[in-house]
Amino acid sequence: MQTLANPARFLKIARPLTPVLGWGGALLIVGALAVGLFVAPRDYLQGESVRIIYVHVPAAWLGMGGWTGLAIASFMQLVWRHPLAAIAARAIAVPGAVFAALCLVTGSLWGKPTWGTYWQWDARLTSMLILLFLYIAYIALDDAERERGGEGRIAAIFGLVGAINIPIIHYSVEYWNTLHQGQSISFLRASSTVDASMLWPLLVSAAGFSLLFGAIVLMRMRAALARQKVEARLRRYS
Amino acid sequence: MSHWTFILASYALTALGTVGLTWWSWASMRSAERQVEDLRNDR
């Protein structure tokens, strides 16, 4: 981890890695979504609407995974003052918010044909909406802090505290009676109630979106590092 | 109620959000890195 603490060393790895993750992710997404739309079977209960799973579940995982990454980066920023940790946390916030929003919108579009409603104030949907608000609050707080010349430490503390919402989202379908279905896939128990014909395009889609998410975070980190370099040089010249 | 309307809307919004975010991130990165190159060349 300390090896990557050096921005020059980080860039040496990030430059070739960005297109690999980006194009690799795009190819996997296109393939998985084509299979999800035209090859995977319809569900015996939900009918064709089950095809929304191939975009909804990866978006949900990335919305939650994004905040987990943001919290880890915030922890590293606060404890080890890792120079890239703050940049990484900030780079994750916007894509995390976009995927949390996509999860809510696609879930809502899935809810109408299956539940008969776009929205229900149940535990899973509400905790996911709170995650989106947390992302927006983090972005606003970090921007405000930096405009005042701060290092983003208050935003980092917020990032850590906000992580409490992740297990709440995860276990919301177990602790409360919700309209949302229970957990279908468990990586810890390596088990799934989803049929293999639907599971593999879902996992490929999730892998593709995850790679693309990684590429987006690297692009945003590279942009932030370049901006820092420009500001430092301009300060030196003036 | 055709399920395909909801499916296509979900896929279209996901594509729009993902492509838009990727394009924005790539354009910001290119613009910032070009500024660094320009400053290096001006020196």
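Positions of Cβ are set from backbone N, Cα and C atoms, glycine also.
For A:20-40 (among others), the entry in TrEMBL reads transmembrane segment.
TrEMBL lists A:27-180 with the feature domain 'Cytochrome c assembly protein'.
Cβ atoms under 8 Å from those of the transmembrane segment (A:60-80) belong to residues 1, 86, 88-89, 92-93, 95-97, 99-100, 102-103, 107, 128, 131-132, 134-135, 138, 152-153, 155-160, 162-163, 165-166, 169-170, 206, 209-210, 213, 217 of the same chain, restricted to positions at least 6 beyond its ends. If you look up TrEMBL, you'll see A:60-80 (among others) marked as transmembrane segment.
Sequence annotations record features per position, and here TrEMBL assigns transmembrane segment to A:92-111 (among others). A Cβ distance under 8 Å defines the sequence-distant neighbours of the transmembrane segment (A:92-111), meaning residues of its chain 6+ beyond its ends; these are 49, 52-53, 55-56, 58-60, 62-63, 66-67, 69-70, 73, 117-120, 125, 128-129, 131-132, 135-136, 138-139, 142, 179, 209, 213, 216-217, 220.
Distant neighbours of the transmembrane segment (A:123-141): 60, 63-64, 66-67, 70, 93-94, 96-97, 100-101, 103-104, 107, 154-155, 158-159, 162, 165-166, 168-169, 172-173, 175-176, 178-180; these residues of the same chain sit at least 6 beyond its ends, with a Cβ under 8 Å from one of its Cβ atoms. The transmembrane segment annotation in TrEMBL covers A:123-141 (among others).
What TrEMBL lists as transmembrane segment is A:153-173 (among others). Outside the transmembrane segment (A:153-173) by six or more residues, the chain places 64, 67-68, 70-71, 73-75, 77-78, 86, 89-90, 123-124, 127-128, 130-131, 134, 137-138, 141-142, 145, 180-183 with a CB less than 8 A from a CB of the stretch.
Within the same chain, residues 14, 17-19, 21-22, 24-33, 35-36, 39-41, 43, 50, 53-55, 57-59, 61-62, 65-66, 69, 88, 91-92, 95, 99, 185, 192 sit at least 6 positions outside the transmembrane segment (A:198-219) and bring their C-beta atoms closer than 8 Å to a C-beta of that stretch. The annotation transmembrane segment is assigned in TrEMBL to A:198-219 (among others).
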Same-chain residues near the transmembrane segment (A:20-40), Cβ under 8 Å, at least 6 residues beyond its ends:
51, 53-55, 197-198, 201-202, 204-205, 207-216, 218-219
